[in-house]
Amino acid sequence: MDCNARSLLFILPLLLLLSRFPSAFPIIYPPNEVNLLDSKASQGELGWISYPSHGWEEISGVDEHYTPIRTFQVCNVMEYSQNNWLRTNWIARQSAQKVYVELKFTLRDCNSIPLVLGTCKETFNLLYQETDENQGGHFREHLFSKIDTIAADESFTQTDLGDRILKLNTEVREVGPLTKKGFYLAFQDVGACVALVSVRVYFKKCPNTVRNLASFPDTVPMDSQSLVEVKGSCVNHSKEEEPPRMYCSTEGEWLVPIGKCLCNPGYEERSNTCQMCRAGFYKSAVGNAECPKCPPHSFSHHEGSLHCGCEKNYFRAEDDPPSMACTRPPSPPRNVISSINETSVILDWSWPEDAGGRKDITFTVVCKRCRVVGADGSSNGGALRCEPCRNNVRFLPRAAGLQNTTVMVCDLLAHTNYTFEIEAQNGVSVMAPKMRQYAAVTITTNQAAPSPVTVIRKERTSRNSVSLSWQEPERPNGIILDYEIKYYEKEEQETSYTILRARGCNVTLNGLKSNTAYLLQIRARTAAGYGASSPSFQFETSPDSAFSISSENSQVVLIAISSAVAIILLTVLLYVLIGRICCRSKSKHPDEKRLHFGNGHLRLPGIRTYVDPHTYEDPSQAVHEFAKELDASCIAIDKVVGAGEFGEVCSGRLRLPSKKEICVAIKTLKGGYTDKQRRDFLAEASIMGQFDHPNIIRLEGVVTRSKPVMIVTEYMENGSLDSFLRKNDAQFTGIQLVGMLRGIASGMKYLSDMGYVHRDLAARNILVNSNLVCKVSDFGLSRVLEDDPEAAYTTRGGKIPIRWTAPEAIAYRKFTSASDAWSYGIVLWEVMSYGERPYWEMSNQDVIKAVDEGYRLPPPMDCPATLYQLMLDCWQKERNNRPKFEQIVSILDKLIRNPGSLKITANTTSRPANLLLERSSSEVPMGDWMDGMRTLPCKEAFSGVSYSSCDTLAKTSTEDLKKVGVTIVGPPKKIVSSLKSVDTKNDPVPV
Ligand code: AMP
C-alpha cells in the first residue's frame with residue numbers, strides 16, 4: 001500500500017476523532033503538575049526523530065477549537081516485521097525525580113481493517129533513555145529502556161446513534177527515579193495503526209500556597225513514598241504562634257498543616273493576608289479576629305489603629321480593656337442625709353445620677369471642721385474657715401473606697417460644726433481632677449458627755465491610803481474639767497460613799513480602813529456634764545502589821561508611840577487652825593473638793609455649800625471673799641448688749657496680766673446709786689463667785705475699787721435663751737434642744753447640790769454661748785423680786801414670776817429646789833415651743849387659778865412624749881413627787897443616747913388627763929381663737945370629747961363646747977404656727 005492509501009486508511013477516522021474530542025478549552029492543567037513536554041503546545045514541527053523514515057509520520061491537524069496541533073501516526077499494518085521508532089527531543093528533567101508520561105492516542109482495531117490479518121498489531125511500546133545532555137540526532141535503539149506496552153482500551157466506541165467512532169485513549173505511565181539531567185522518550189510501533197495525538201511529560205509538585213497565614217514554597221516531592229516536611233513562613237504583618245509546617249506528598253498534595261501565624265495588632269486577616277484595620281476600627285492584640293469597631297465615646301482616624309482614642313472629657317483607666325467604652329467621672333452623690341447622735345453622725349446618700357458609664361463606683365468622705373472666723377481671728381462674723389478634721393475621727397467602715405452609700409463618723413468634737421464632702425469616684429476620677437464634684441453636708445454635733453474612764457491603776461497601797469492613777473477617757477468630747485472619784489467599802493454596798501474631785505489623772509485616798517476592800521468608780525466631767533462612770537474598780541488596803549513587843553524594847557516602843565501620838569495631836573491642832581484660816585479665805589478653785597454623802601444625801605459638814613452673802617455683816621466682805629477684784633485698766637468695753645436693773649450690760653474684753661484676752665460681759669452699776677443698791681448689785685457677784693460649773697455663768701471678777709462698779713462675767717454670744725429661741729424658731733434638731741436642756745438641768749443640779757435655790761429659773765435667765773451651751777444666770781436675791789419684769793406681787797405682798805413659779809412658792813413662799821424643778825418644767829416648755837410665752841396671754845390670776853385646779857400647759861407642737869412627760873412630772877402638785885435635777889439630767893442623758901425615742905411626739909400619743917385643754921367645769925376663760933383651730937389634731941387634743949374631726953370642731957361654737965364642758969386655755973398662735981412648722985422642726989435633711 002502506498003503512502004496515500006495509508007493516509008486514506010487513517011485520516012478519515014482521525015478527523016472524526018478530532019471533531020469529537022471531549023477536551024475542554026483552554027486546557028488547564030492541575031496546579032501541581034509541571035509540564036516538561038507538551039506536544040500540543042507546539043504549533044510548528046516538533047522535530048522528533050522518526051526511524052525508519054517511512055514509519056512514524058508527523059501530521060498537522062486542528063483540534064476541536066481549530067487550534068493547529070502536531071500528531072504522529074503510523075499504520076503499516078499490511079506488512080510484517082514492523083519496527084518503527086519515534087523519538088522525542090531531549091527533555092530536561094529539572095528537579096523532578098519521577099515524571100509522568102501522558103499519551104493521547106487512537107489505535108485502530110485490526111478487525112476494522114480488511115486484509116490485514118496476521119500482520120496487524122494493536123499495541124505499541126513506550127521507552128526512555130536517560131542522558132545528561134542533548135545528543136541531537138544520535139539515536140541508538142538498544143540504549144532505550146522499555147517503560148510499558150501501550151494498548152488501547154477499546155479501539156472503537158459505539159455512539160448513541162449507532163456510529164462507530166474512534167475513541168481517544170489516554171494512558172499515563174510513571175518514569176523514574178530519574179537521575180540524569182534529562183532523557184528521551186521513544187514510541188516503538190510493531191505493526192499497529194496508531195495516531196499519537198499528544199504527548200505530555202510532567203512531574204508533580206506541591207505548589208506554593210498560604211495556609212494559616214504561613215506561606216509554603218513550591219515543593220517537589222521525593223520519588224520515594226516518604227513525605228517532604230516543609231516549614232512555612234508567616235505572611236507580612238503576622239507573627240508565628242506555633243511554627244507552621246506541612247507535608248508534601250509524592251502526589252504533589254499538601255498534607256497535615258501544623259502550626260499557624262496570627263495577624264499583628266492593627267491588622268486583620270483578609271484573603272490569606274494581614275490587612276490594616278480600617279479607620280473607625282482597631283485591633284489591639286495579635287490574632288486573626290476581625291478588627292472591632294471603636295467602642296462608644298472613642299475614635300480612630302487612621303488605618304491600622306491599635307486602639308481608639310477617647311473623645312474629649314472621656315477617659316480610659318489603666319486597667320480598662322480597649323474594647324471598653326471611654327468613661328468619665330461620676331456626678332456627685334445625691335440626697336445626703338445626716339443623722340447626728342451626740343458626737344457621731346451617720347451619713348446616707350443616694351447613688352449618683354450619672355455613673356460616668358462605669359460600675360466601679362466608690363465613695364470617699366472628707367471631714368472638715370469649719371468655723372466662721374472674723375477678720376480679727378475671733379468667731380464673730382466673717383468668713384467660713386475649714387480645716388481637715390483631726391486624725392482620731394473614726395469612719396466606719398472607712399473614709400475612702402466605700403462601696404455602700406452610708407458611713408458612720410465617730411469621735412467628733414461635741415458641739416462643733418463639721419462639713420463632710422462626699423465624692424463618688426470611679427476608675428477615671430483620678431484622670432479628670434477638674435471634673436470631680438462632691439456633695440457637701442454641714443452638721444453641728446451635739447453636746448456629749450465624755451466616755452467612761454476605762455483604765456485605772458493602783459500605784460501604792462498602805463493601811464489607810466491608796467494612790468491611784470487612770471487614763472483620760474478615750475473620747476473626752478471636750479476639755480475635761482475634773483474627775484469625780486466615788487468610793488465606798490465593798491461591804492456597805494454603796495449605802496454610804498465618799499466623793500472626791502481631782503483635776504489630774506491621779507488621786508490618793510486617805511483615811512481608809514485598814515485591811516478593807518473598797519470599790520471605786522471614776523467619771524470625767526466636761527462642759528457637757530459628767531460622762532458615764534468607769535466600771536467598779538476594787539482595791540484593798542493593807543492589813544495592820546502584826547508585831548509583838550518584846551520586853552527589852554517595850555520601853556523604846558512606848559516612847560516611840562507616845563511621841564507619835566504627840567506629833568499626831570500637834571498635827572491635828574495645826575490642821576484645825578489652818579483649816580479655819582483656809583475656810584475664811586476660801587480658794588475658789590481647789591484642786592480637790594471633798595464631799596461626803598450618806599444614803600445619797602449630804603452627810604458630813606465641810607462640804608462646799610452656798611453661803612448667803614446677806615449673812616455677812618459686811619456684804620462687801622462677801623464680795624471680796626468670793627470674787628476677784630479686777631483692775632479696770634484690764635477691761636475694754638465694746639458695746640451695750642442689754643439693760644440690767646442696775647445699769648447697762650456691755651460686751652468687752654478682759655486681758656489679765658500674762659493671760660490671753662477673753663470676751664466678757666460687763667454689768668455696770670449706774671451712777672447715783674444708794675448703798676443698798678450697791679450691795680444688791682454686788683450680791684449677785686458674791687453668789688456667782690461661789691459657783692464653778694460649766695452650766696453656770698462664770699464670774700471673772702468685779703471692779704469695786706474704781707467707778708463705775710462692774711461685774712465681769714464670761715461673754716455669752718447668743719444672749720438670753722428666750723429671745724434666742726424666738727429668733728431661731730424651728731431651727732434646731734430635737735437632740736440640739738435636749739442638749740441645751742441637759743445643760744440647764746446640769747447647772748441646776750449643781751446649784752441644788754450647793755444648796756442654792758434659784759427662784760427665778762426661766763428661759764430669759766438662761767444665757768446661750770456660740771456653742772449652744774446654756775448657762776444659768778441671774779443670781780440676784782431681792783432681785784428675784786425686784787429685777788424680773790415677770791415678777792408680780794402676790795396677795796402676800798411678795799413679787800413672784802407667777803407663770804414660772806410652783807404653786808406652793810406662790811401660795812406660801814416655799815422656795816426649794818423642788819420649786820426650781822417646777823420652773824425647770826416651764827423652761828422645758830419654753831424651749832420646746834421656741835420661746836412661746838407660758839400660758840400665753842392669760843392673766844396671772846387665771847394662771848394661778850387654772851394651775852391650782854389641775855390644769856397644765858399642753859405639749860408644744862411636735863414635743864417628744866418623753867419630754868412632755870418630764871414637764872408634767874415637774875409640775876406635780878406634790879413637790880416631793882417632782883424629779884430631782886439629778887434625775888432630770890439622767891433622763892435627758894438617756895434621751896441623748898437614744899435619740900430615736902424623741903421621734904414619738906406627745907401630740908400623737910394619748911395625753912395625760914391634766915392638760916389645760918381638758919374637760920372642766922372651771923371658769924377658766926376660753927380664748928376667742930376657735931377660728932384658728934381648723935388644723936388642730938383635735939381628736940387627740942380633746943380626749944374624752946366626742947368630736948371626731950377638726951371640721952366638726954371648727955364648725956362648733958364656743959357655746960357648744962361649753963355645753964359639753966370643754967375649756968380650752970391657750971391661744972391659737974403657737975398651735976397653728978407649730979402645725980405649720982411640723983416639717984421644719986424635724987431634723988434637717990440637707991441635700
Ligand atoms: P441681766 O441683768 O443679767 O438680766 O442682763 C440683761 C441682759 O444683758 C440679758 O438679757 C442679756 O441679753 C445681756 N447679758 C447679760 N449677761 C450677759 C452675758 N454674760 N453675756 C451676754 N449677754 C449678757
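Placement of Cβ uses the backbone N, Cα and C atoms for every residue, glycine included.
Automatic prediction, not curation, is the source of TrEMBL annotations.
Annotation comment: TrEMBL describes D760 as active site, proton acceptor.
Under DSSP, V649 (ATP binding site) is assigned to a strand (E or B) in the three-state scheme. The ATP binding site annotation in TrEMBL covers V641, G642, A643, G644, E645, F646, G647, E648, V649, K667.
Sequence annotations record features per position, and here TrEMBL assigns disulfide bond to C75-C193 (among others).
Per TrEMBL, the feature disulfide bond maps to C110-C120 (among others). The Cβ neighbour count for C120 (disulfide bond), using a 10 Å radius over every protein chain in view, is 21.
Residues or ranges marked as domain 'Eph LBD' in TrEMBL: 33-211.
Using DSSP to sort the residues of the domain 'Fibronectin type-III' (329-448) gives these counts of helix, strand and coil: 6 helix, 58 strand, 56 coil. If you look up TrEMBL, you'll see 329-448 (among others) marked as domain 'Fibronectin type-III'.
Summarising the annotation, TrEMBL assigns domain 'Fibronectin type-III' to 449-544 (among others).
Feature annotation from TrEMBL assigns domain 'Protein kinase' to 635-896.
Residues or ranges marked as domain 'SAM' by TrEMBL: 926-985.
Within 8 A of the CB centroid of the ATP site residues V641, G642, A643, G644, E645, F646, G647, E648, V649, K667, the other residues of that chain are C650, T668. Selection of the recorded positions C193, V641, G647, V649, D760 by a Cβ distance under 6 Å from ligand 1 yields, in sequence order, V641, V649.
Nearest Cα neighbour of V641 (ATP binding site) among the listed recorded positions (C75, C120, C193, D760): D760. Sorting the recorded positions E645, D760 by the number of other Cβ atoms within 10 Å puts D760 first. Over the domain 'Protein kinase' (635-896) the predicted model carries a mean pLDDT of 90. The DSSP breakdown of the domain 'Fibronectin type-III' (449-544) into helical (H, G, I), extended (E, B) and coil residues amounts to 3 helix, 46 strand, 47 coil.
Ranking the recorded positions C75, C110, D760 by Cα distance from G647 (ATP binding site) puts D760 first. Separating the Cα atoms of V649 (ATP binding site) and D760 (active site, proton acceptor) is a whole-number distance of 19 Å. Compared over the recorded positions C75, V649, the count of CB atoms lying within 10 A of a residue's CB peaks at C75. In the three-state DSSP scheme, D760 (active site, proton acceptor) is classed as coil.
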